[in-house]
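Visitor: Straight out of Swiss-Prot:
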type     : residues                  : note
REGION   : 20-172                    : region 'START-like'
DISULFID : C27-C153                  : disulfide bond
BINDING  : K56, 85-90, 112-118, E137 : abscisate binding site
SITE     : P57                       : site 'Involved in ABA binding'
MOTIF    : 81-85                     : motif 'Gate loop'
SITE     : P84                       : site 'Involved in interactions with PP2Cs'
SITE     : I104                      : site 'Involved in ABA binding'
SITE     : T148                      : site 'Involved in interactions with PP2Cs'
SITE     : V156                      : site 'Involved in ABA binding'
SITE     : L159                      : site 'Involved in ABA binding'
Amino acid sequence: MNGDETKKVESEYIKKHHRHELVESQCSSTLVKHIKAPLHLVWSIVRRFDEPQKYKPFISRCVVQGKKLEVGSVREVDLKSGLPATKSTEVLEILDDNEHILGIRIVGGDHRLKNYSSTISLHSETIDGKTGTLAIESFVVDVPEGNTKEETCFFVEALIQCNLNSLADVTERLQAESMEKKI
């Protein structure tokens, strides 16, 4: 696919899976990452609502309430030092193993991300002739008092971009290790 075709495919997935209803005091954005690892491998990491620290570098610990991972599950996340927060309480809103979509909503914590929700969807694609994954993550959040929409979006986009880059690093490394074992 050329650049225009890729943008068209991305746009279709965004329209289908990443629509957020915004009010005036909120901001929203969508980020895209092309990952050189197959969809099943990337999804096996992303779908683990109970282990986000496997690829999210700012999370040090996660405890899920209850034993079953399902829509409505709640997790308590401890954040690494250096961030303007130490903990977050999050609810699993979407877990679709067929469409490869995970959605969360933040319901508590000592941070300023009020009414935050995000959706990540994964889609199979071909990268350099090999099976890869298109990861799309979108969010909506209230703009905290004293901040602008631009500042808020910039901050959240930076966090998500770090998470997506880490997801690519982790899954591409796992894919390379898997290929080495086959040789």
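In case you wondered, yes, glycine gets a Cβ from its N, Cα and C as well.
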Visitor: What's the CA to CA span in angstrom from C153 (disulfide bond) over to T86 (abscisate binding site)?
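Guide: That comes out at 20 Å between the alpha carbons.
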Visitor: Can you tell me how many other Cβ atoms are located within 10 Å of the Cβ belonging to C27 (disulfide bond)?
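Guide: Taking all protein chains shown, C27 (disulfide bond) has 22 Cβ neighbours within 10 Å.
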Visitor: Between the recorded sites T148, V156, L159, which lies closest to S117 (abscisate binding site), Cα to Cα?
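Guide: That would be V156, the closest of T148, V156, L159 to S117 (abscisate binding site).
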Visitor: So which of the recorded positions is most packed in, judged by how many other Cβ atoms lie within 10 Å of its Cβ, out of I104, L113, C153?
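Guide: Its Cβ has the most other Cβ atoms within 10 Å: I104.
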Visitor: I'd like to confirm something. Which of the recorded sites, P57, P84, T148, V156, has a Cα closest to the Cα of N115 (abscisate binding site)?
Guide: V156
Visitor: Take the C-alpha atoms of C27 (disulfide bond) and E137 (abscisate binding site) and report the distance between them in angstrom, rounded.
Guide: 14
Visitor: Based on Cα distances to T148 (site 'Involved in interactions with PP2Cs'), point out the closest of the recorded positions K56, E90, I104, V156, L159.
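Guide: Spatially nearest to T148 (site 'Involved in interactions with PP2Cs') by Cα position is V156.
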Visitor: Could you check which of these recorded sites, I104, V156, L159, sit within 10 Å of L113 (abscisate binding site), going Cα to Cα?
Guide: V156
Visitor: Of P57, P84, T86, E137, V156, which of the recorded positions has the most Cβ neighbours inside 10 Å?
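Guide: The residue with the densest Cβ neighbourhood is E137.
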Visitor: Using DSSP, what's the helix, strand and coil tally for the motif 'Gate loop' (81-85)?
Guide: 0 helix, 2 strand, 3 coil
Visitor: Restricting to the motif 'Gate loop' (81-85), what is the model's mean pLDDT?
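Guide: Reported value for the motif 'Gate loop' (81-85) is a mean pLDDT of 77.
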Visitor: According to DSSP, does L113 (abscisate binding site) sit in a helix, a strand, or coil?
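Guide: L113 (abscisate binding site) sits in coil per DSSP, no helix or strand.
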Visitor: With every protein chain in view, what's the tally of Cβ atoms within 10 Å of the Cβ of T148 (site 'Involved in interactions with PP2Cs'), excluding that atom itself?
Guide: 11
